[in-house]
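Data block below; observations after.
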Amino acid sequence: MDLLCAAYSNDDEEEEPKRMKLSDHTPTTSSKSSTLSSLHTQTLVPGSYVSKRQRASMASISAASLTLSSSPSFTLYGSILEADIPHNILALLRSEAKGHKSLNSVSEKLSVSLSGHTRAVNAIHWSSTHAHLLASAGMDNMVCIWNVWSRDKKKACVLNFHNAAVKDVKWSQQGNFLLSCGYDCTSRLIDVEKGMETQVFREDQMVGVIKFHPDNSNLFLSGGSKGHIKLWDIRTGKVVHNYNRNLGSILDVEFTTNRKQFISSSDVSGSNISENSIIVWDVSRQVPLSNQVYVEAYTCPCVRSHPFDPVFVAQSNGNYVAMFSSTPPYRLNKYKRYESHGVSGFHIKCNFSLDGKKLASGSSDGSIYIYDYQSSKVIKKIKAFGQACMDISFHPVMPNVFASCSWDGSVSVFE
């Protein structure tokens, strides 16, 4: 309880940010942006003629630069570019992306400790298109973007667009766009390259979880405190489908392997706990296909689909991970469960490795437990944090690298 009170307290413990000028941040932009940038950097000769159009362009750029550098919602600490990454790690990221395995050639240690949040970190997510970038969402209302292997400042920038705790964060498959959600009843789409909030999706509930559609990054699911699940279209900013069934707070959502269904986990109590704890939904028809998947008297804070096999797992507050079939009749596997870690009421998550051969879970004791997918036995236990380990995210390119975050506000990358 003391930990929960500390996470929700209003003490302002944030470090004083060092504001950086826009010129220190050089994102890859369109040709139009490049032209404007060149106009901005031109040196005017005294007495030379300056057209009205040129003066207007330069004035607008100067105003934009001033607004960005002084904005309380976006603070630059370093760079999101690859320029500061050691050459052999950068080569590794690129070669792995092409399917090459050369981890033994790296002299720098890939394990990194990242500090910047002042309260608990709820979620982390790697960028699949910019694999050196990691995002983290915290109870301090912040989203941090980490340039993990930068020689200079690993905390590249901080996003303060939310005015309450941030519960989840996801990178879009379309480059430098980041989606986050939180207790301010919004999901927010941020262009990280420009440091701008491009869209706000408002709801009448606190939003606890978001998930992009695997095949269409213009669509995403959101789930919240009133039990409402919505499918949003970013192009219109509107809800495409609503999935309602008088549920409690939505704890997690996950698409199945075939993308035609998704699984929801909700916080329910009383006699209906076995009916609505886990539900499999038809995405297009908005109807539940099964609502008696899990009959144990526990809620499940996390659900994850296997990357290849037609199964999914659910993190149970019974201190184990249960396995289910993701095809009808969506049965619980009574002979296999992953149990050595603890949940203890925390929103602890788990994740499969890229090849699907391992399952990693956080734990209330601050450790990371790595299980063999087939045998369900513990392969490795890593004592990572002093408080609960909340989330695990495998690197999208390097198979033996993963990130984790803790209730104590720290983020770590392990090799």
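Cβ atoms are placed via backbone N, Cα and C, with glycine included.
Per TrEMBL, the features are:
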REGION    1-40  region 'Disordered'
COMPBIAS  26-40  compositional bias 'Low complexity'
REPEAT    114-148  repeat 'WD'
REPEAT    159-200  repeat 'WD'
REPEAT    200-242  repeat 'WD'
REPEAT    352-381  repeat 'WD'
The repeat 'WD' (159-200): DSSP-derived helix, strand, coil residue counts: 0 helix, 24 strand, 18 coil
The repeat 'WD' (352-381), counted residue by residue under DSSP: helix, strand, coil: 0 helix, 15 strand, 15 coil
Residue distribution over DSSP helix, strand and coil in the repeat 'WD' (114-148): 0 helix, 18 strand, 17 coil
